[in-house]
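Here is what TrEMBL says about this protein:
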type     : residues : note
TRANSMEM : 12-30    : transmembrane segment
TRANSMEM : 36-58    : transmembrane segment
DOMAIN   : 38-247   : domain 'Membrane insertase YidC/Oxa/ALB C-terminal'
TRANSMEM : 103-124  : transmembrane segment
TRANSMEM : 166-184  : transmembrane segment
TRANSMEM : 208-232  : transmembrane segment
REGION   : 254-319  : region 'Disordered'
COMPBIAS : 261-277  : compositional bias 'Basic and acidic residues'
COMPBIAS : 278-287  : compositional bias 'Low complexity'
Amino acid sequence: MGDLLSTIGTPLYYAISAIWLAWHRLFDLLPISSGWSWTLAIIGLTITIRALLIPLFVKQIKSSRNMQLIQPKVKELQKKYGHDRERLAQETMKLYKDTGTNPFASCLPLILQMPIFLSLFHLLRNAADRHPKGFLDQADVDQISGGKIFGAGISDTLTHPDNTNVVVLAVILVISMTATTFITQRQLMSKNMPADAMSGPYAQQQKLLLYVLPIVFAVGGIAFPIGLMLYWTTSNLWTMGQQFYVIRNNPAPGTPAAQAKADRDRAKAVRHGHGDVAVDTAAPAVEAPEEPRQRQQPKRQTREQRKQSSRPNQPKKDQ
């Protein structure tokens, strides 16, 4: 098992350390301490990883939206096959396949980030013990181990605090990491899920993530190095900004975010003087055009008729 983990982890150690080292070389050009250059390099590493995961985030959004839209059909299947769990599972999976929906796509970015998270954890732990790993040489790990930000080392943890500065900074980051984890999940559920999707298996999955993940990171944060908690907090802030953009500009139909966008579009249309065009969803009433009238050509009269019309009307004689 250890050999398997080493085989999988070793390429990641080199990949993560290469990106981290590249950002450090960039920030090392600034007139700042080595502790801050390595810390800013962690933020640069986070941005790089999250940028590479954008295609997966787009896939996650599409799959999550499909899950929301098919919830009424899932409920119908539950009513129809609730007594037969095997048949219900078969029909549900068939529905997922027909609609191109992956029920686990919402967890995919998180799952793929975990190996990166663990790789950075091992890099920081080895740096604390001054053991080179990946592309980090002895001089690099010495700088990481000895570097300080606000009086605390980025490889320090709450389990072995060197001083009060370590405790204070670690506690702040544990709270920040836990709070941002909760807020990112809550943001998705409260604004971009229709009322029909707030119950059922998908909703239960989202609620589980909402409360379990913050607890996991709150407890695990005690043993996490400061640099690792900074990575996760930065990643959560990226997720919040990314979700805010998507929810604001491309919300799922029938959600509070969709209603808010419709209100903004309506107000914008009114400000630009196009209220009737942009706001009204129904087609405006159009007056029926008048039927074209054909010009009546005058009838040609005979000479006798013209003489009669030119004579003055004479009173009729009494018989």
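We number each residue from 1, going along the chain as drawn.
Glycine is no exception: its Cβ is also placed from the backbone N, Cα and C atoms.
A Cβ distance under 8 Å defines the sequence-distant neighbours of the transmembrane segment (12-30), meaning residues of its chain 6+ beyond its ends; these are 36-38, 40-42, 44-45, 48-49, 115-116, 119-120, 122-123, 133-136, 140. Away from its own ends, the transmembrane segment (166-184) comes close to residues 149-153, 156-158, 210-211, 213-214, 217-218, 221-222, 224, 226, 229-230, 232-233, 236-237, 239-240, 243 of its chain (Cβ-Cβ under 8 Å, at least six residues beyond either end).
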